């Protein structure tokens with residue numbers, strides 16, 4: 001029975017560890033869901049692809065999305081060019097069609113193999129869809145069948161552009177999107193300008209394209225000058241030219257204003273942190289100046305601001321982490337601080353969950369060179385763990401003698417925090433040797449944590465007592481020499497008077513009892529002799 005129970009415990013532990021791994025790394029559990037989807041897929045070749053490709057292979061999926069984006073960009077950029085410019089000729093038509101159908105094949109593989117395996121959130125649940133959406137079907141509408149009636153017209157491939165949502169998935173930065181919008185507007189304008197010039201006749205007026213040089217480069221140059229309103233263009237003469245030019249101006253002003261506004265937002269978002277830092281620093285300097293704080297203190301405050309911002313990129317880590325859920329804050333704290341705290345000898349052997357709870361209560365504070373972390377005689381309310389840098393324990397008559405130097409991973413202030421032996425006063429001065437980044441654990445937070453972990457509380461107090469006794473070992477040796485020189489007689493003379501009086505009384509009472517016993521014996525003997533005499537008489 002014991003072996004069976006141990007086996008069950010082991011199995012439950014393995015199951016718990018797997019569940020934790022799935023919570024920490026959800027991608028590790030995707031493979032099972034993918035295989036289950038493969039069973040429902042009717043096509044054997046698609047099942048083969050799905051079994052070879054797992055969503056954990058993020059790099060492979062990214063490469064595939066890059067290939068699909070190339071196919072989509074082919075249609076987006078070359079359909080207008082092939083419609084407006086005379087680049088599609090009977091001699092090279094087969095190369096154009098081969099590339100078109102290759103892009104269509106990529107679309108088909110993406111819709112039938114990759115897209116059904118994507119996961120999305122619906123009502124808070126992760127769902128794997130194996131159905132085709134309406135937009136994905138519209139992307140592949142075979143309008144090319146009209147080639148047999150109208151000839152090979154690239155405009156019949158316009159439904160391929162409906163896969164534009166792929167562009168928003170890949171190009172998320174706002175700057176890239178804005179730049180792409182502007183370039184594509186210029187591209188379409190160049191195509192329309194050549195189409196209008198060909199419709200009116202190349203070189204028929206000064207405004208249209210004259211047919212010299214590279215047609216696309218010349219028309220693109222005209223589009224740039226028009227949309228960005230550089231000027232220097234010939235005046236339109238016909239009604240078509242005037243309307244076309246007015247539309248160009250309106251579109252150019254609209255696109256240019258949007259781009260400037262988005263660039264302003266991008267720059268503002270990129271410098272928001274720096275702006276917040278400068279605002280806090282300026283407000284602090286203004287406050288110190290208004291209260292006439294000494295210059296050396298102001299310089300130290302400025303140094304603290306500069307070093308904290310350069311080393312951490314923020315002034316207060318807790319302000320950032322408070323916006324996250326408790327589970328995410330714990331995961332971040334474990335990744336950042338657990339390797340440091342787990343090496344602290346004081347916490348070795350404690351409950352692991354207790355250490356996790358303690359990590360969420362740690363505060364990071366930066367000390368400047370020469371700053372007092374704590375002073376002797378202060379009431380200890382915090383414990384310190386050195387994250388980076390060094391601190392020195394100093395003392396002596398001048399208060400500058402360095403007793404020991406503590407480095408990253410060391411702990412101090414734990415005796416006052418745990419209040420072992422009733423002492424919660426600092427026993428030494430600790431100053432920062434250079435810039436030091438310390439974790440601070442408040443006494444109130446530690447007590448709230450230890451309420452739920454009584455075994456860890458006993459262990460910590462036991463370790464703190466050992467540390468306290470080790471620190472007091474040298475003192476009894478110095479005091480032990482003095483009692484040896486004192487003779488033992490005076491110590492014996494210090495017998496309490498009450499004890500001696502009690503001893504004397506006991507001696508007197510014992511003597512009185514002896515006398516009474518003797519009197520009793522004599523009376524007994526006399527009574528016996530009297531009875532004998534009476535009997536004789």
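Cβ atoms are placed via backbone N, Cα and C, with glycine included.
In TrEMBL, annotation is done automatically, which means it is predicted and not curated.
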Using TrEMBL as the reference, determine which range in 204-222, 223-241, 242-260 is annotated transmembrane segment. 242-260
Examine the ranges 5-26, 27-48, 93-114 and name the one recorded by TrEMBL as transmembrane segment. 93-114
Kindly report the helix/strand/coil residue split of the domain 'Cyclic nucleotide-binding' (346-450) according to DSSP, in that order. 28 helix, 46 strand, 31 coil
